[in-house]
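Chemist: Copying in the features that Swiss-Prot gives for the protein in this structure:
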BINDING   Gly64, Val65, Gly66, Ile67, Tyr68, Glu225, Cys271, Glu314  L-arginine binding site
BINDING   122-126, His185, Arg229, 280-284, 309-314  ATP binding site
DOMAIN    9-91  domain 'Phosphagen kinase N-terminal'
DOMAIN    119-356  domain 'Phosphagen kinase C-terminal'
MOD_RES   Ala2  N-acetylalanine
Amino acid sequence: MADAATIAKLEEGFKKLEAATDCKSLLKKYLSKDIFDSLKAKKTSLGATLLDVIQSGVENLDSGVGIYAPDAEAYSLFAPLFDPIIEDYHKGFKQTDKHPAKDFGDVSKFINVDPEGTFVISTRVRCGRSMEGYPFNPCLTEAQYKEMEEKVSSTLSGLEGELKGSYFPLTGMTKEVQQKLIDDHFLFKEGDRFLQAANACRYWPAGRGIYHNDNKTFLVWCNEEDHLRIISMQMGGDLGQVYRRLVSAVNDIEKRVPFSHHDRLGFLTFCPTNLGTTVRASVHIKLPKLAANREKLEEVAAKFSLQVRGTRGEHTEAEGGIYDISNKRRMGLTEFQAVKEMQDGILELIKIEKEM
């Protein structure tokens, strides 16, 4: 059971949420008094409480979602709060639904979406994974961070062929290496205020690091927001090549490192928005004509469940008509379907841009 001090903090946080009438987070929408009372004393076997789940959303009332999972068990123990939020965010993934088994599908179905190189600047596909037997960020000890990094770096050092590369720990990193990784846009920074409030940045930079292959087309982030972020990317529009590289890497790593998986929710991640396939396939794409007709752009995006962001990701502007466009759906469909939907949508956008 949660201790009295934790419950007192929770009561205070709940009052703050209640009073915040202009707060639009999913946390506020779904944390009713009944649900709050039924969950406030619960504690996972690793010691996580409802406070770990909601504290970021309580501190940052402008959160979109407002909750994180401190460990894998939290998704089950605090399901009365997680499930409706997951259903709301992953539109159509009902509380009775079950995420399908992993299926990367026929990788030959993916192509170069822009063979002339007119529209697509770069292509990237990533997924997140959590290592079985370890909690997520807020509950990790410094020793666990280091132990995980050791496992990850030794696993990655076994990669061969195109995936062969080097691991760079953030701890003790020289200024030169740091600058080089920043210039390549590889280095991740300490978390933003949402992650800070969720206690996702403790013992920084212990256990954090970056692996990349010699061609700089394959990247693994260790202990950033998730235990592992596996990323395949390159200039141009060859989605097929990018996807195939990611799939072979994930399959290879999976043989050596068991990942946390949930029967109903698929692969588990720290933030419920990334559950399921955890896959985000994206392009940086120049669409000057559609940029001038934002309504049409949004209409096509909605039809193919695409998310349109500014050039530098969430909450940024499209610089020079360049957008970051990705698949929106991660749950209730396979990896293949998620990326195929994105490919179809991008092909359609290019077709319309050409016709305008």
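Please read every residue number as a count from 1 along the shown chain.
Glycine too: its Cβ is placed from the backbone N, Cα and C atoms.
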Chemist: Per DSSP, what is the residue count of the domain 'Phosphagen kinase N-terminal' (9-91) in each of helix, strand and coil?
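Modeler: Final tally across the stretch: 48 helix, 2 strand, 33 coil.
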Chemist: Taking every protein chain in this structure into account, which of the recorded positions Ala2, Val125 has the most other Cβ atoms within 10 Å of its Cβ?
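Modeler: When each Cβ's neighbours within 10 Å are tallied, Val125 tops the list.
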Chemist: Over the span of the domain 'Phosphagen kinase N-terminal' (9-91), how high is the average pLDDT in this prediction?
Modeler: 96
Chemist: Name, in the order they occur in the sequence, the residues of the same chain whose CB lies under 8 A from the CB of Cys271 (L-arginine binding site) and which sit 6 or more residues away.
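Modeler: The answer is Val65, Tyr68, Ala69, Glu225.
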Chemist: Whole-number answer please: how many Å between the C-alpha atoms of Ser282 (ATP binding site) and Gly64 (L-arginine binding site)?
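Modeler: So the Cα of Gly64 (L-arginine binding site) lies 21 Å away from that of Ser282 (ATP binding site).
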Chemist: Looking at Cβ-Cβ distances, which residues of the chain lie under 8 angstroms from Gly66 (L-arginine binding site) while being 6 or more apart from it?
Modeler: Ser25, Leu26, Leu27, Lys28, Ile54, Ser56, Gly57, Val58, Asn60
Chemist: Out of Val65, Ile67, which of the binding-site residues is least crowded by other Cβ atoms within 10 Å?
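Modeler: Among the binding-site residues Val65, Ile67, the lowest count of other Cβ atoms within 10 Å belongs to Val65.
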Chemist: Fill in the CA-CA distance, the residue listed as 'N-acetylalanine' to Ser122 (ATP binding site), as an integer in Å.
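Modeler: So the Cα of Ser122 (ATP binding site) lies 48 Å away from that of the residue listed as 'N-acetylalanine'.
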Chemist: So of Arg229, Arg309, which of the binding-site residues has the fewest other Cβ atoms within 10 Å around its own Cβ?
Modeler: Arg309
Chemist: Could you round the CA separation between Arg229 (ATP binding site) and Ile67 (L-arginine binding site) to a whole angstrom and send it over?
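Modeler: It is 20 Å, counting Cα to Cα.
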Chemist: Hey, which of the binding-site residues Tyr68, Ser282 is the loneliest by Cβ count within 10 Å?
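Modeler: Counting other Cβ atoms within 10 Å of each of the binding-site residues Tyr68, Ser282, the minimum falls on Ser282.
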Chemist: In Å, rounded, how far does the Cα of Val125 (ATP binding site) sit from the Cα of Gly64 (L-arginine binding site)?
Modeler: 24
